[in-house]
Amino acid sequence: MDQTFAKEYTVTADLTAEAMGSGGIPVLATPAMVAMVENACYGELQKELKAEETSVGGFLSIEHLAPSPVGATVTVRAALYEHAGTKVVFSFTVYEGEKLVGKGNHERFIVKKERFLSKLS
């Protein structure tokens, strides 16, 4: 896995705080930013895993620092911070152009799909 990676997203009306119910204005919702970070980290990590493996989110800390309007392009930039056994930790930033709109850390855990799903019953 590359030590750093980036993924772009477009802020759409359904990703606003107003639409998601996390606020009353039409700007990028914090829950949407969380989903973008998880999606970017999951996608990058998945490239390295075996077919019977996946990763699950275990922890995420985030600071949402500035608003982004509908139509804006935001970029999640992440770096592999730690990989110890099944635990993988990323540090990340979220930018709209040159404006820093978010930052934090995200932990994922590598799991065997069948074993993980067996815990449902």
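Cβ coordinates are placed from backbone N, Cα and C, and glycine is handled just like the others.
If you check TrEMBL, you get these features:
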DOMAIN    11-114  domain 'Fluoroacetyl-CoA-specific thioesterase-like'
ACT_SITE  Thr30  active site
ACT_SITE  Glu38  active site
BINDING   Gly57  CoA binding site
BINDING   Gly57, Arg108  substrate binding site
ACT_SITE  His64  active site
Residue among recorded positions Thr30, Glu38, Gly57, Arg108 with Cα closest to the Cα of His64 (active site): Thr30
Averaged pLDDT, computed only over the residues in the domain 'Fluoroacetyl-CoA-specific thioesterase-like' (11-114): 98
Top Cα neighbour of Thr30 (active site) in the set of recorded positions Glu38, Gly57, Arg108: Glu38
Count of other CB atoms lying within 10 Å of the CB belonging to His64 (active site): 19
Pairwise Cα distance for Gly57 (CoA binding site)/Glu38 (active site) [Å, integer]: 7
Close in space, distant in sequence - Glu38 (active site), Cβ under 8 Å, 6 or more apart: Gly57, Leu60, His106
Site of maximum Cβ density within 10 Å, from recorded positions Thr30, Gly57, Arg108: Arg108
Coarse DSSP state, helix versus strand versus coil, of Thr30 (active site): helix
